[in-house]
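Visitor: One structure, pasted below without further comment.
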Amino acid sequence: CLMAAPGKVAAFRLPPLPTIGEIIKLFRLKALKQLSQNFLLDLRLTDKIVKQAGELKNAHVCEVGPGPGGITRSILSAGVEQLLLIEKDTRFIPGLQMLSEAAPGKVRIVHGDILTYKMEKAFPKHLKKDWEDEPPDIHIIGNLPFSVSTPLIIKWLENVSKRDGPFIYGRTQMTLTFQKEVGERLTANPGSNQRSRLSIMAQHLCTVENCFIIPGQAFVPKPEVDVAVVHFTPLVQPKIQQPFELVEKVVQSVFQFRRKYCFRGIETLFPENGRLKRTEQLMMTANVDPTLRPFQLSMSQFRNLCNAYRKMCDEDPSLFVFNYREELRQKKMTRSSLGSTGQPEQTEEENQL
């Protein structure tokens, strides 16, 4: 730390260190294509990402997949209290340890997979806030490999819904990178071509902001796409107040046939016996026009659909466990056992699914 004038807090500064490029050469690091790794070497851009997280002075931060440590340096320079690094690839650990030694007592390195790491005990208990309060002084930041980003955000959105995992501490904020197209889906409005399952699942639980785009050429190796930096703040009240699994099932069904009228996807919520009648009942109860396309539906229409479906499931619990794909599979097996003479090999529904 630099010496501070009396009455002023000392600003944290990292001592002189090798550049990220030198670290990559020193430890012979190479981005692995099969892990969809891309390094960000420009510290102005890593500073810009960290700035989107908000005020980090004396905050507790978890960085996911720090790699060679570009964003890690920017986080430490923001004056955080503690930084937890979760890195799956052992090749990056020595370089991160060098950063840890340069910031004594501030960095904890965990060699592990973020998809299985238990975040309930990642931070001190005294940081916990009530859900209705302002977000806790805890932030998750990460330049995620594309292969991990979508399953990870779905997992964390489920955690938001259940208020567990990293959200056991309150409305923990996240600043993450995604393929540009995924970033557009996360923030897409009704009527947009990018409106998707991801749009509804994210926006009904969080305020989602597409902060800025990083051109692909800023990364090493250069990916074929640009990268979006997206900020999430969990909402005090979700826009759809139903269990995560129920909302996901309804939303997934609606978007199953995204180019067709929405009732076509809604049908897949019900067994063949009584399908049409139940679909009409659901759409009437929810007051949703069956000829709207899935991407045209508003959040309140999805809420109405989920609420109406929940009511039907409460009346008939077997509905919620019904699986349309499994029904198709059984029909296909029956056709095969009877002999496929004159039968089409694949139905249109099977093709689309």
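The backbone N, Cα and C atoms fix where each Cβ goes, glycine too.
Caution: TrEMBL annotation is automatic and unverified by curators.
Owing to the predicted nature of the structure, the values given are computational and were not obtained by experimental measurement.
For reference, TrEMBL lists these features for the protein:
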{"type": "BINDING", "residues": "Asn38, Leu40, Gly65, Glu87, Asp113, Asn143", "note": "S-adenosyl-L-methionine binding site"}
{"type": "COMPBIAS", "residues": "335-345", "note": "compositional bias 'Polar residues'"}
{"type": "DOMAIN", "residues": "45-236", "note": "domain 'Ribosomal RNA adenine methylase transferase N-terminal'"}
{"type": "REGION", "residues": "333-353", "note": "region 'Disordered'"}
Visitor: Looking only at Asn38, Leu40, Gly65, Glu87, Asp113, Asn143, the residues listed as binding S-adenosyl-L-methionine, what is the longest Cα to Cα distance in Å?
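Guide: Binding-site diameter by Cα atoms for S-adenosyl-L-methionine: 21 Å.
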Visitor: Ranking the binding-site residues Asn38, Asn143 by other Cβ atoms within 10 Å, which is at the bottom?
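Guide: With the binding-site residues Asn38, Asn143, fewest surrounding Cβ atoms within 10 Å: Asn38.
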Visitor: Which whole-number mean pLDDT does the model give the domain 'Ribosomal RNA adenine methylase transferase N-terminal' (45-236)?
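Guide: For the domain 'Ribosomal RNA adenine methylase transferase N-terminal' (45-236), the model's average pLDDT rounds to 94.
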Visitor: Name the residue among the binding-site residues Glu87, Asp113 whose Cβ has the smallest number of other Cβ atoms within 10 Å.
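Guide: Looking at the binding-site residues Glu87, Asp113, the Cβ with the fewest others within 10 Å is that of Asp113.
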Visitor: Count the other Cβ atoms sitting within 10 Å of the Cβ of Leu40 (S-adenosyl-L-methionine binding site), across every protein chain shown.
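Guide: For Leu40 (S-adenosyl-L-methionine binding site), the 10 Å Cβ neighbour count is 21.
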